[in-house]
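Novice: Straight from Swiss-Prot, here's the annotation block:
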BINDING   F10, S11, G12, G13, Q14, D15, S16, T17, T18, C19, L20  ATP binding site
BINDING   C188, C196, C199, C202  Zn(2+) binding site
Amino acid sequence: MSNQKALVIFSGGQDSTTCLIQAIQTYGRENVQAITFRYGQRHAVELERAEWIAQDLGVSQTVLDLSLMRQITHNALMDETAAIETADNGVPNTFVDGRNALFLLYAAIFAKGQGIRHIIAGVCETDFSGYPDCRGVFVKSMNVTLNLAMDYDFQIHTPLMYLTKAQTWALADEMGVLDYIREQTHTCYKGIVGGCRECPSCILRERGLAECLESKKAV
């Protein structure tokens, strides 16, 4: 796919970094761009990690300001004083209403202006934390909507959609970057460098890594 370009929605976390590295290997570094969103997330370390990784991998990164979301929605991912909890309906209060819809919309607007058709997102429904906008049906719906809205042939790729977290770690291992993902990416909801090992995101990450490493030992 050396003649095609790709845009990766990039947060600096495990999943999006795995997708970014896979895109570089698939499309070629010169054909890959990253887009990152500042939406009022509670910790600056996420943005700092994303910037560092993009520079380290030699990928052009664009950061868009969507902090207006603070004016219209409230959740624990954007309020550092809020405790992280799961509601009665099973959806954690870290869920940001409309976030992935906005990310895909703005990514598509940017991509079309750059002549890019391939948009890559690291969302996953297998181990997803109860977020409705991480489901395959949502992404497929957005793909159709964006194509109709802009009269453009976008192809939204979600390479991790049906992988468990252990399988995502295994993919990183296959690409030769497991240690890089482990040491350089940031996933913690509490903004603790290296992870707090207590929040849902850290627990999912560590459990998946343990399963992956155990599987390697068994081979």
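Cβ coordinates are placed from backbone N, Cα and C, and glycine is handled just like the others.
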Novice: Using a 10 Å radius around each Cβ and all protein chains in view, which of these binding-site residues has the most neighbours: L20, C188, C196, C199, C202?
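Specialist: Result of the Cβ crowding comparison: L20.
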Novice: Starting from the Cβ centroid of C188, C196, C199, C202, the recorded Zn(2+) site, name every other residue in that chain with its Cβ within 8 Å, sequence order please.
Specialist: T187, Y189, K190, I192, G195, R197, E198, S201, I203
Novice: From the binding-site residues C196, C199, C202, pick the residue whose C-alpha lies nearest to the C-alpha of S16 (ATP binding site).
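Specialist: Answer for the nearest of the binding-site residues: C202.
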Novice: Note down the number of other Cβ atoms within 10 Å of the Cβ of S16 (ATP binding site), including every protein chain shown.
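Specialist: Counting Cβ neighbours of S16 (ATP binding site) within 10 Å gives 23.
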Novice: Could you give the Cα-Cα distance between L20 (ATP binding site) and C199 (Zn(2+) binding site), in whole Å?
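Specialist: Distance (Cα to Cα, whole Å): 24 Å.
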Novice: Using G12 (ATP binding site) as the reference point, find which of the binding-site residues C188, C196, C199, C202 has the shortest Cα-to-Cα distance to it.
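Specialist: Of the binding-site residues C188, C196, C199, C202, C188 has its Cα closest to that of G12 (ATP binding site).
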Novice: I want the residues beyond F10, S11, G12, G13, Q14, D15, S16, T17, T18, C19, L20 whose C-beta is within 8 angstroms of the mean position of the ATP site's C-beta atoms, in chain order.
Specialist: V8, A50, I53, G122, T185
Novice: For T18 (ATP binding site) and C199 (Zn(2+) binding site), what Cα-Cα distance in Å is obtained after rounding to a whole number?
Specialist: 21
Novice: Would you count the other CB atoms within 10 A of the CB of F10 (ATP binding site), including those on all shown protein chains?
Specialist: 30
Novice: Between the Cα atoms of C196 (Zn(2+) binding site) and Q14 (ATP binding site), find the distance and write it as a whole number of Å.
Specialist: 15
